[in-house]
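Reviewing the structure listed below.
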Amino acid sequence: MSSSHTVTVSMDVEAGQKNKDKKGISQDLILAYKTLGVVFGGLVTSPLYVYPSMNLTNPTEEDYLGIYSIMFWTLTLIGVVKYICIALNADDHGEGGTFAMYSLLCQHANIGILPSKKIYTEEENLISNQPVVAGRPGRLRRFIESSIIARRLLLLTAILGMCMLIGDGILTPAISVLSAIDGLRGPFPSVSKRAEAMFADLGHFSKRSIQIAFMSSIYPSLVLTYAGQTAYLINNVDDFSDGFYKFVPRPVYWPMFIIATLAAIVASQSLISATFSVIKQSVVLDYFPRVKVVHTSKDKEGEVYSPETNYMLMLLCVGVILGFGDGKDIGNAFGVVVILVMLITTILLTLVMLIIWGTHVVLVALYLVPFLLLEATYVSAVCTKILRGGWVPFAVSVALAAVMFGWYYGRQRKTEYEAANKVTLERLGELLSGPGVRRVPGLCFFYSNRQDGGWLTPVLAHYIRNMRSLHEVTVFLTLRYLLVAKVDGKDRVQAVRRLGPAGVYGCTIQYGYADAIDFEEDDIAGQVVGALRERVVDGEEEGERVEAARAAGVVHVRGKMRFHVGKDTRLFDRVLLGFYELLHGACRSALPALGIPLQQRVEIGMLYKA
């Protein structure tokens, strides 16, 4: 019986695994189909515009063969080798892009500038498909960790890559609209466009689905389409200005034109989706003002939508169209954006190979040297277009970088102040034993966005000094963001502990990206009290005191800390911190919507002297 039972269980496990594998394959195939429009929309429409965008004079057969050779090897080396085979593996919890790689580097080496919010998995370990380098750090890692200049340059590089990608998200819808207006002659950029979209859009799909779509459909289709175009142009050397539609049979000419125009509109979605992803990444890492991020899928954490970002893209897109009117200048801006993002990706991917993957330096050189030479050549070519529209992405990038730097500087100064004035447990005891300070009935949840155990922030001392009281039971509560859709109720309350003075505790509330936490409906207060009684409280008397405090009333306290920028503040701080305060006043709260009744909320204001 035992042997038979074992065999039955084994067969059930195998059957379950096979069903899971079949479901995974079918899901990847469905996602691969979706990527054809969302991820590769811009790339697959490039045959419409590659030859018309080239400044050719009396081209010959050798010219066309040379151009096709460049197209083929660009698609093969950059599309297949760099992105499909290498870059897609450098993901951060399934997210791709330059800022995701920077986040990945910060997690494996002490090279970050801000103590960014930590993201946890269910196992409380960071996910990484690559082996982390163990043992003594290499010389490159030690150099970057010890040099603040190198760390700032690395951050600046990541920010530039992110801002350039957002700039591309502004230009793509603009060029799509102008292409529809201009008819058949849409001035899209060269063949190297859009290879970065598949990496930045990784969070919306999966690595395998992107690889399947590109290798089975996109790559062979583009190679054959360009070959057909080139063959036609060899026999009709002067038709390069309309090299796609010339060989379209007349009966299907207008249907093809309608499909191509619709495809150009769909193509804009790839960069818009990528913009949502990189904005979400930077908000999570606390390098960008907080905007609303809506998770559109209960199964995939990376599928996001940001209404504020969408409106921003719309306004900037309309501004670009009204400002230029001519699609050729916008087309010139594309090459500058795409090539620079590709070059930044190459640099960051090299650091990932050396610092995280521990790749041998010879193999890294075999990757870095050829791609650096290839992309540097492209950069030198597009530099001639800067004055003819190529300055647009630089202007957009400078504006976005200014926002990110202003936010980063304010957060850095705030972090430094909190670290220097953090309330220790001993200091808390002194404050509570001060004259006139008393413990009042009730249960208080005191919120902190610090996730390193530092519950006692300076606003606590400010609160006690001004209120001259602290609730009889006070719980310092930290919110922890997990890379799962929903957190089971039994796992919601974690890290419950006593913090020294009587009636003072700490705990962590865990939530997933699809969780809608409601304190009243989910009875979070009851769960916390239950966890306290189960794991911390000693004796019936303390347990009754906690229950009595809850019955007396629950209040939720959060600090709202602002900088005081006075006349004696130096000019640099006055400008940057004033800008930070402007951004801070306009952005959303650090706490998610918790469904806390209005009458239970208390907000404590505190000024930091700049």
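Using the three backbone atoms N, Cα and C, a Cβ is placed for every residue, glycine included.
Marked as domain 'K+ potassium transporter integral membrane' by TrEMBL: 32-192 (among others).
Positions annotated as domain 'K+ potassium transporter integral membrane' by TrEMBL: 195-428 (among others).
What TrEMBL records for 441-608 is domain 'K+ potassium transporter C-terminal'.
Here TrEMBL flags 30-52 (among others) as transmembrane segment.
The annotation transmembrane segment is assigned in TrEMBL to 64-85 (among others).
Long-range contacts of the transmembrane segment (149-167) within the same chain, counting only residues at least 6 positions beyond its ends with a Cβ under 8 Å from a Cβ of the stretch, are 97-99, 101-102, 105, 111-113, 143, 196, 200, 271, 274-275, 278-279, 282, 287, 333, 337, 340-341, 344-345, 347-348, 351, 392-393, 396-398, 400-401, 404-405, 408. Summarising the annotation, TrEMBL assigns transmembrane segment to 149-167 (among others).
Marked as transmembrane segment by TrEMBL: 212-232 (among others).
What TrEMBL records for 252-272 (among others) is transmembrane segment.
Look at TrEMBL and you will find 310-327 (among others) tagged as transmembrane segment.
Away from its own ends, the transmembrane segment (333-354) comes close to residues 78, 82, 86-87, 90, 98, 101-102, 104-105, 138, 140-141, 154, 157-158, 160-161, 164-165, 167-168, 171, 175, 188-190, 192-196, 199, 361, 363-364, 367-368, 371-372, 375-376, 378-379, 381-383, 385-386, 389-394 of its chain (Cβ-Cβ under 8 Å, at least six residues beyond either end). The transmembrane segment feature in TrEMBL is assigned to 333-354 (among others).
Taken from TrEMBL, the feature transmembrane segment applies to 361-379 (among others). Cβ atoms under 8 Å from those of the transmembrane segment (361-379) belong to residues 77-78, 82, 86, 192, 335, 339-340, 342-343, 346, 349-350, 353-354 of the same chain, restricted to positions at least 6 beyond its ends.
If one looks beyond the transmembrane segment (391-409) by at least 6 residues along the same chain, the residues whose Cβ comes under 8 Å of a Cβ in the stretch are 113-114, 155-156, 159-160, 162-164, 166-168, 170-171, 282, 287-289, 316, 320, 324, 329-330, 333, 336-337, 340, 576-577, 579-580, 583. What TrEMBL lists as transmembrane segment is 391-409 (among others).
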